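The feature transmembrane segment is assigned by TrEMBL to 7-26, 46-63, 75-98, 118-138, 145-163, 169-188, 195-215, 235-260, 272-292, 298-318.
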Amino acid sequence: MVPRRQVVGAWLLLTGFCSLWLGVAWDGQWHVDVGPDTFFTAPHLMFYFGTSLIGLTSLVVVLRSQRDPGVKVLGLRAPAPFLVAGLGAAGHLVYGAVDLWWHTIFGFDLLESTPSHLSLQFAMQIQAIGTIMAFAALRETRSGLWGLALAGAGGVAASSILLDGSVFGIKLSAITGAAIAAWTLSVMAGVTRSAWWMAALGLAYAALHAASFLFPPWATQLYADGIDQPIRDNALGVPMVALAMPLIFPILALLGAGAVRIAKQREIAPQVAMTWLGAAAGLIAAVTMSFLDDFPGNALLNIVVVTAFGALGGRFGWQCAALLRRLSPRQAVAV
């Protein structure tokens, strides 16, 4: 039986990440619909609360795990999921201070891809991975598997704002989105070995997408009214961050469920199945981006490159899942 403290630690990570993600979505909405903010604006406080909760939870777990198996770092025995999540949270807080310095000197950002924002987004992705690892260790319980599905959905959501722009006509957000979506699908398949839980990942993502769609515009209007800050005349009230999230991921999750079922029935090597699943995810993402989003870059080049990164993400995800399954719950989330 998994100790209660292990379960609490994992769910606190997930709670913190949900606060972090919705705070980021709210912050994006605030900048679009209202504009002016400070370091202590409510959306900032919401996502810094989330990352602080992740960091403090990770710190407590690490400090209480000195006699348990885990990863040894600088003489400390640190459980792997909480080490990863804690490092991500620490980086997020440090780069938050850098972002404050950046805004103090340069004012408003003209582009999303400033050095401080890129660092914050990478740190958020690391926190998502740590949360996924924590729930992978609780895979023996139904609640743990639902937590894994929600954590995976959060990682896919965060990937939608990880990178922006293009290089040589290749859209970077499509590369990161396809690779991380494929990785998440493969991890879910490898940890659960269940078509049902692949579909549950799609359901969890749909729920998170709905929250990201509904919460930011409502919170922005409510907060602006509360502090007597006018909404811009040209504000549309459209949930910008939610629109950046991949709408097709629930379909990819169902595709993954079918791939798991077929691979079991026909005894296909899982590495091969997950590589093809990742390639399919990349192909669908690239085609959607090239033809539906009216991206001006080279469509054929984007399709080839994004499909390749999807295949790599699928293969790497299966390898990561194999490592996660080798960790016992006590090794992975010792407290």
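Glycine is treated like the rest: Cβ placed from N, Cα and C.
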#### Entry: Residues of the parent chain within Cβ reach of the transmembrane segment (145-163), under 8 Å, 6 or more residues beyond its termini
10-11, 13-14, 17-18, 21, 24, 28, 112-113, 118, 121-122, 124-125, 128-129, 131-132, 134-136, 138-139, 172-173, 175-177, 179-181, 184, 187-188, 191-192, 197, 200-201, 203-205, 207-209, 212, 241, 244-246, 249
### Query
Who are the long-range neighbours of the transmembrane segment (235-260) in its own chain, taking Cβ under 8 Å and residues 6 or more past its ends?
24-25, 28-29, 32-34, 156-157, 160-161, 173, 177, 181, 185, 188-189, 193-196, 198-199, 201-203, 205-206, 209, 212-214, 216-217, 221, 273-274, 276-277, 280-281, 284-285, 288
### Remote residues contacting the transmembrane segment (46-63) - C-beta distance under 8 A, at least 6 residues beyond either end
9, 12-13, 15-24, 26-27, 76, 78-79, 82-83, 85-86, 88-90, 92-93, 96, 123-124, 127, 130-131, 333-335
